[in-house]
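Participant: Just passing along the structure, written as C-alpha coordinates.
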Amino acid sequence: MMFDSIKDQIRDVKKIVFVTGAGISQESGIPTFRGKDGLWRNYDAMKLATINAFYDNPKLVWEWYNERRKNIFSAHPNEGHKAIADLEKYVDVVILTQNIDGLHQKAGSTQVLELHGSIVKIKCTVCDFKDEIMTDFSDSPPLCKCGNILRPDVVWFGESLPQDVWQEAIIHANQCDLMVIAGTSLVVSPANTLPIYAKQNNALLIEVNPEDTEMSLEMDLAIRNTSANTLPKLISLFREN
Ligand code: BV8
Ligand code: ZN
(Lines of atoms letter the chains of each structure in order from A; the text may use other names.)
(Lines give C-alpha, C1' and ligand atoms only; values in the text may rest on other atoms or scores of the structure.)
(Ligands and ions follow the chains in the order given, each with its own letter.)
Protein backbone atom coordinates (compact mmCIF):
# COMPACT_ATOMS: atom_id res chain seq x y z
CA MET A 1 0.00 0.00 0.00
CA MET A 2 1.57 3.34 -1.05
CA PHE A 3 1.53 4.76 2.50
CA ASP A 4 2.83 1.72 4.46
CA SER A 5 6.20 3.41 5.14
CA ILE A 6 4.56 6.28 7.03
CA LYS A 7 1.35 4.61 8.31
CA ASP A 8 2.52 4.75 11.98
CA GLN A 9 3.66 8.37 11.81
CA ILE A 10 0.31 9.37 10.31
CA ARG A 11 -1.60 7.91 13.28
CA ASP A 12 -0.75 10.83 15.64
CA VAL A 13 -1.22 13.65 13.13
CA LYS A 14 -3.51 16.42 14.48
CA LYS A 15 -3.05 19.17 11.87
CA ILE A 16 -2.55 18.75 8.10
CA VAL A 17 -1.65 21.56 5.71
CA PHE A 18 -2.11 21.00 1.97
CA VAL A 19 -0.05 23.12 -0.45
CA THR A 20 -1.73 22.78 -3.85
CA GLY A 21 -1.13 23.98 -7.40
CA ALA A 22 -2.51 23.67 -10.91
CA GLY A 23 -1.94 19.90 -11.00
CA ILE A 24 -4.73 19.20 -8.49
CA SER A 25 -7.24 20.80 -10.92
CA GLN A 26 -5.77 19.17 -14.04
CA GLU A 27 -8.16 16.20 -13.70
CA SER A 28 -11.04 18.72 -13.58
CA GLY A 29 -10.07 19.88 -17.08
CA ILE A 30 -8.19 23.04 -16.08
CA PRO A 31 -4.83 23.46 -17.85
CA THR A 32 -1.65 23.71 -15.74
CA PHE A 33 1.11 26.28 -16.45
CA ARG A 34 3.62 23.67 -17.60
CA GLY A 35 4.40 22.44 -21.11
CA LYS A 36 1.76 22.83 -23.82
CA ASP A 37 -0.82 23.60 -21.17
CA GLY A 38 1.15 26.75 -20.30
CA LEU A 39 0.40 28.38 -23.64
CA TRP A 40 -2.75 30.43 -24.48
CA ARG A 41 -3.00 31.52 -28.16
CA ASN A 42 0.80 30.94 -28.11
CA TYR A 43 1.26 33.47 -25.31
CA ASP A 44 3.32 32.19 -22.36
CA ALA A 45 0.95 32.15 -19.37
CA MET A 46 3.78 33.29 -17.10
CA LYS A 47 4.28 36.38 -19.34
CA LEU A 48 0.54 37.15 -19.60
CA ALA A 49 0.11 37.07 -15.81
CA THR A 50 2.05 40.34 -15.36
CA ILE A 51 1.10 44.00 -14.85
CA ASN A 52 3.18 44.93 -17.94
CA ALA A 53 1.21 42.57 -20.19
CA PHE A 54 -2.00 44.06 -18.75
CA TYR A 55 -1.04 47.66 -19.49
CA ASP A 56 0.41 46.71 -22.90
CA ASN A 57 -2.86 45.04 -23.93
CA PRO A 58 -5.63 45.03 -21.25
CA LYS A 59 -8.19 43.69 -23.78
CA LEU A 60 -6.06 40.59 -24.48
CA VAL A 61 -5.41 39.88 -20.79
CA TRP A 62 -9.13 40.30 -19.98
CA GLU A 63 -10.05 37.89 -22.79
CA TRP A 64 -7.59 35.38 -21.32
CA TYR A 65 -9.22 35.63 -17.85
CA ASN A 66 -12.73 35.59 -19.34
CA GLU A 67 -11.88 32.34 -21.15
CA ARG A 68 -10.32 30.81 -18.02
CA ARG A 69 -13.33 31.93 -15.95
CA LYS A 70 -15.75 30.30 -18.40
CA ASN A 71 -13.71 27.06 -18.23
CA ILE A 72 -13.53 27.20 -14.43
CA PHE A 73 -17.27 27.91 -13.99
CA SER A 74 -18.04 24.72 -15.97
CA ALA A 75 -15.46 22.62 -14.06
CA HIS A 76 -16.23 20.29 -11.12
CA PRO A 77 -14.04 19.31 -8.14
CA ASN A 78 -12.39 15.91 -8.72
CA GLU A 79 -11.71 13.03 -6.28
CA GLY A 80 -8.58 14.85 -5.09
CA HIS A 81 -10.47 18.01 -4.04
CA LYS A 82 -13.30 15.91 -2.54
CA ALA A 83 -10.93 13.71 -0.49
CA ILE A 84 -9.31 16.78 1.11
CA ALA A 85 -12.73 18.22 1.96
CA ASP A 86 -13.77 14.87 3.45
CA LEU A 87 -10.66 14.76 5.65
CA GLU A 88 -11.99 17.67 7.74
CA LYS A 89 -14.14 15.09 9.57
CA TYR A 90 -11.03 13.46 11.08
CA VAL A 91 -8.32 16.12 11.56
CA ASP A 92 -7.69 19.91 11.36
CA VAL A 93 -7.14 20.67 7.65
CA VAL A 94 -5.88 23.94 6.11
CA ILE A 95 -5.32 24.42 2.36
CA LEU A 96 -2.74 26.90 1.05
CA THR A 97 -3.49 27.03 -2.68
CA GLN A 98 -1.83 28.77 -5.59
CA ASN A 99 -4.99 28.12 -7.63
CA ILE A 100 -7.46 30.90 -8.42
CA ASP A 101 -10.23 28.44 -9.47
CA GLY A 102 -12.11 28.07 -6.15
CA LEU A 103 -12.50 24.28 -6.63
CA HIS A 104 -11.36 23.46 -3.07
CA GLN A 105 -14.19 25.59 -1.69
CA LYS A 106 -16.60 24.09 -4.28
CA ALA A 107 -15.65 20.63 -2.93
CA GLY A 108 -16.64 21.75 0.58
CA SER A 109 -13.27 22.66 2.12
CA THR A 110 -13.76 25.35 4.78
CA GLN A 111 -10.20 26.54 5.51
CA VAL A 112 -8.73 27.65 2.17
CA LEU A 113 -6.13 30.44 1.80
CA GLU A 114 -5.90 31.69 -1.82
CA LEU A 115 -2.25 32.83 -2.01
CA HIS A 116 -2.57 34.21 -5.57
CA GLY A 117 -6.11 35.57 -5.47
CA SER A 118 -9.33 34.40 -7.12
CA ILE A 119 -10.72 34.46 -10.67
CA VAL A 120 -14.13 35.59 -9.36
CA LYS A 121 -12.67 38.72 -7.73
CA ILE A 122 -11.98 42.06 -9.48
CA LYS A 123 -10.53 45.37 -8.32
CA CYS A 124 -9.94 48.85 -9.71
CA THR A 125 -6.45 49.71 -10.95
CA VAL A 126 -6.69 53.07 -9.14
CA CYS A 127 -9.37 53.42 -6.41
CA ASP A 128 -10.06 50.84 -3.68
CA PHE A 129 -13.13 49.40 -5.43
CA LYS A 130 -13.27 45.57 -5.12
CA ASP A 131 -16.06 43.15 -6.10
CA GLU A 132 -16.92 39.57 -7.01
CA ILE A 133 -18.15 38.69 -10.49
CA MET A 134 -20.33 35.73 -11.35
CA THR A 135 -20.95 36.56 -15.03
CA ASP A 136 -18.81 37.57 -18.01
CA PHE A 137 -18.28 41.20 -18.84
CA SER A 138 -19.88 42.58 -22.00
CA ASP A 139 -17.37 45.36 -22.52
CA SER A 140 -13.71 44.34 -22.23
CA PRO A 141 -11.72 45.82 -20.44
CA PRO A 142 -14.51 46.82 -18.04
CA LEU A 143 -14.39 50.26 -16.38
CA CYS A 144 -14.80 51.18 -12.74
CA LYS A 145 -17.31 53.86 -11.70
CA CYS A 146 -14.24 56.11 -11.19
CA GLY A 147 -13.53 55.74 -14.91
CA ASN A 148 -10.35 53.67 -14.58
CA ILE A 149 -10.08 50.09 -15.85
CA LEU A 150 -10.83 47.11 -13.64
CA ARG A 151 -8.45 44.15 -13.35
CA PRO A 152 -8.75 40.57 -12.04
CA ASP A 153 -7.98 40.55 -8.28
CA VAL A 154 -5.17 38.00 -8.68
CA VAL A 155 -1.45 38.29 -7.85
CA TRP A 156 0.62 38.78 -10.98
CA PHE A 157 4.35 37.97 -11.30
CA GLY A 158 6.39 40.81 -9.80
CA GLU A 159 3.53 41.68 -7.43
CA SER A 160 3.61 40.84 -3.72
CA LEU A 161 1.11 38.40 -2.22
CA PRO A 162 -1.60 39.86 0.07
CA GLN A 163 0.45 40.16 3.29
CA ASP A 164 -2.38 39.15 5.66
CA VAL A 165 -2.93 35.93 3.69
CA TRP A 166 0.82 35.23 3.43
CA GLN A 167 1.49 35.80 7.13
CA GLU A 168 -1.41 33.48 8.03
CA ALA A 169 -0.09 30.85 5.59
CA ILE A 170 3.33 30.89 7.29
CA ILE A 171 1.70 30.40 10.70
CA HIS A 172 -0.21 27.31 9.49
CA ALA A 173 2.90 25.89 7.80
CA ASN A 174 4.83 26.37 11.06
CA GLN A 175 2.16 24.56 13.09
CA CYS A 176 1.34 21.50 10.96
CA ASP A 177 2.32 17.88 11.76
CA LEU A 178 1.94 16.81 8.15
CA MET A 179 2.26 18.85 4.94
CA VAL A 180 0.94 17.32 1.70
CA ILE A 181 2.30 19.06 -1.41
CA ALA A 182 -0.05 18.11 -4.23
CA GLY A 183 -0.05 19.13 -7.89
CA THR A 184 2.58 21.85 -7.76
CA SER A 185 6.00 22.11 -9.42
CA LEU A 186 7.16 24.38 -6.52
CA VAL A 187 8.79 26.69 -9.09
CA VAL A 188 7.02 29.86 -8.01
CA SER A 189 8.09 31.82 -4.89
CA PRO A 190 7.28 32.59 -2.16
CA ALA A 191 4.69 29.74 -2.18
CA ASN A 192 7.55 27.24 -2.78
CA THR A 193 9.09 28.15 0.61
CA LEU A 194 6.11 26.79 2.60
CA PRO A 195 7.53 23.23 2.85
CA ILE A 196 10.65 24.71 4.46
CA TYR A 197 8.56 26.25 7.27
CA ALA A 198 6.88 22.88 7.85
CA LYS A 199 10.22 21.07 7.84
CA GLN A 200 11.49 23.49 10.49
CA ASN A 201 8.55 22.30 12.62
CA ASN A 202 9.60 18.65 12.00
CA ALA A 203 6.43 18.04 10.05
CA LEU A 204 6.16 15.02 7.77
CA LEU A 205 6.37 16.06 4.10
CA ILE A 206 4.47 14.08 1.46
CA GLU A 207 4.57 14.99 -2.25
CA VAL A 208 1.81 13.85 -4.61
CA ASN A 209 2.86 14.45 -8.22
CA PRO A 210 3.36 12.25 -11.30
CA GLU A 211 6.69 14.06 -11.81
CA ASP A 212 9.67 15.23 -9.73
CA THR A 213 9.51 18.75 -8.33
CA GLU A 214 12.03 21.35 -7.10
CA MET A 215 11.91 19.83 -3.60
CA SER A 216 11.41 16.09 -4.17
CA LEU A 217 14.63 15.29 -2.30
CA GLU A 218 13.32 17.06 0.84
CA MET A 219 10.22 14.86 1.00
CA ASP A 220 9.67 12.03 3.49
CA LEU A 221 7.50 10.34 0.88
CA ALA A 222 6.98 11.16 -2.84
CA ILE A 223 3.98 9.50 -4.52
CA ARG A 224 4.46 9.50 -8.33
CA ASN A 225 0.77 9.42 -9.15
CA THR A 226 -2.10 11.86 -9.71
CA SER A 227 -3.92 13.63 -6.87
CA ALA A 228 -7.34 12.17 -7.79
CA ASN A 229 -5.88 8.62 -7.62
CA THR A 230 -3.78 9.19 -4.52
CA LEU A 231 -5.55 11.48 -2.05
CA PRO A 232 -8.63 9.25 -1.47
CA LYS A 233 -6.21 6.48 -0.35
CA LEU A 234 -4.40 8.86 2.03
CA ILE A 235 -7.71 9.89 3.54
CA SER A 236 -8.74 6.26 4.06
CA LEU A 237 -5.81 5.93 6.48
CA PHE A 238 -7.44 8.49 8.78
CA ARG A 239 -10.87 6.89 8.42
CA GLU A 240 -9.38 3.62 9.80
CA ASN A 241 -7.75 5.44 12.73
C1 BV8 B 1 6.74 38.09 -5.50
C2 BV8 B 1 -2.05 33.98 -10.28
C3 BV8 B 1 7.84 39.91 -4.36
C4 BV8 B 1 -2.37 34.56 -11.62
C5 BV8 B 1 0.31 33.26 -10.19
C6 BV8 B 1 13.77 34.88 -10.47
C7 BV8 B 1 14.12 33.78 -9.72
C8 BV8 B 1 13.27 33.34 -8.66
C9 BV8 B 1 12.03 34.00 -8.36
C10 BV8 B 1 11.74 35.09 -9.12
C11 BV8 B 1 12.58 35.53 -10.16
N12 BV8 B 1 12.04 36.60 -10.70
C13 BV8 B 1 10.87 36.88 -10.05
C14 BV8 B 1 10.68 35.95 -9.08
C15 BV8 B 1 9.58 35.84 -8.17
C16 BV8 B 1 8.38 35.19 -8.92
C17 BV8 B 1 8.67 33.74 -9.27
O18 BV8 B 1 8.62 32.86 -8.42
N19 BV8 B 1 8.92 33.51 -10.59
C20 BV8 B 1 9.21 32.11 -11.03
C21 BV8 B 1 8.58 31.89 -12.40
C22 BV8 B 1 10.71 31.92 -11.10
N23 BV8 B 1 7.30 35.24 -7.94
C24 BV8 B 1 6.55 36.36 -7.93
O25 BV8 B 1 6.63 37.27 -8.75
C26 BV8 B 1 5.56 36.44 -6.79
N27 BV8 B 1 5.63 37.74 -6.16
O28 BV8 B 1 7.71 37.35 -5.38
O29 BV8 B 1 6.66 39.37 -4.98
C30 BV8 B 1 8.74 40.21 -5.51
C31 BV8 B 1 8.33 41.19 -6.40
C32 BV8 B 1 9.23 41.53 -7.44
C33 BV8 B 1 10.44 40.81 -7.70
C34 BV8 B 1 10.79 39.79 -6.80
C35 BV8 B 1 9.95 39.49 -5.70
C36 BV8 B 1 4.10 36.29 -7.32
C37 BV8 B 1 3.90 34.89 -7.82
C38 BV8 B 1 2.40 34.69 -8.13
C39 BV8 B 1 2.11 34.88 -9.61
N40 BV8 B 1 0.71 34.50 -9.90
N41 BV8 B 1 -1.00 32.95 -10.42
C42 BV8 B 1 -2.99 33.55 -12.56
O43 BV8 B 1 -3.12 32.37 -12.19
O44 BV8 B 1 -3.36 33.99 -13.66
S45 BV8 B 1 1.52 32.02 -10.25
C46 BV8 B 1 0.75 30.68 -11.09
O47 BV8 B 1 1.81 29.93 -11.62
C48 BV8 B 1 0.00 29.72 -10.19
O49 BV8 B 1 -0.74 30.39 -9.19
C50 BV8 B 1 1.14 28.88 -9.61
O51 BV8 B 1 1.70 29.52 -8.50
C52 BV8 B 1 2.16 28.90 -10.72
C53 BV8 B 1 2.14 27.61 -11.48
O54 BV8 B 1 2.75 26.67 -10.63
P55 BV8 B 1 1.95 25.29 -10.31
O56 BV8 B 1 0.62 25.61 -9.75
O57 BV8 B 1 2.90 24.47 -9.54
O58 BV8 B 1 1.65 24.67 -11.75
P59 BV8 B 1 2.72 24.09 -12.80
O60 BV8 B 1 2.01 24.05 -14.09
O61 BV8 B 1 4.02 24.81 -12.67
O62 BV8 B 1 2.96 22.58 -12.27
C63 BV8 B 1 1.88 21.69 -12.21
C64 BV8 B 1 2.43 20.51 -11.43
O65 BV8 B 1 1.35 19.59 -11.25
C66 BV8 B 1 3.55 19.78 -12.17
O67 BV8 B 1 4.58 19.46 -11.24
C68 BV8 B 1 2.86 18.51 -12.70
O69 BV8 B 1 3.74 17.40 -12.73
C70 BV8 B 1 1.79 18.29 -11.65
N71 BV8 B 1 0.58 17.60 -12.12
C72 BV8 B 1 0.04 17.62 -13.36
N73 BV8 B 1 -1.12 16.86 -13.36
C74 BV8 B 1 -1.27 16.39 -12.08
C75 BV8 B 1 -0.20 16.87 -11.29
N76 BV8 B 1 -0.08 16.58 -9.97
C77 BV8 B 1 -1.04 15.77 -9.41
N78 BV8 B 1 -2.13 15.30 -10.11
C79 BV8 B 1 -2.26 15.58 -11.44
N80 BV8 B 1 -3.31 15.10 -12.12
ZN1 ZN C 1 -12.00 52.86 -9.44
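Just so you know, glycine gets a Cβ as well, placed from its N, Cα and C.
TrEMBL entries are annotated by machine, without manual review.
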Participant: Where TrEMBL shows Q98, N99, I100, D101, G183, T184, S185, N209, P210, E211 binding NAD(+), which of S109, S227 is named for the same site?
Facilitator: S227
Participant: So if I take the binding-site residues (Y65, R68, C124, C127, C146) and measure from each Cβ to the nearest atom of ligand 1, which come out below 6 Å?
Facilitator: none
Participant: Give the distance between the Cα atoms of I100 (NAD(+) binding site) and H116 (active site, proton acceptor), rounded to the nearest whole Å.
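Facilitator: Cα to Cα, I100 (NAD(+) binding site) and H116 (active site, proton acceptor) are separated by 7 Å.
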Participant: Using a 10 Å radius around each Cβ and all protein chains in view, which of these binding-site residues has the most neighbours: I100, C124, C127, C144, C146?
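Facilitator: Selected residue: I100.
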Participant: Roughly how many Å separate the Cα of R68 (substrate binding site) from that of C127 (Zn(2+) binding site), to the nearest whole number?
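Facilitator: About 25 Å separates the two Cα atoms.
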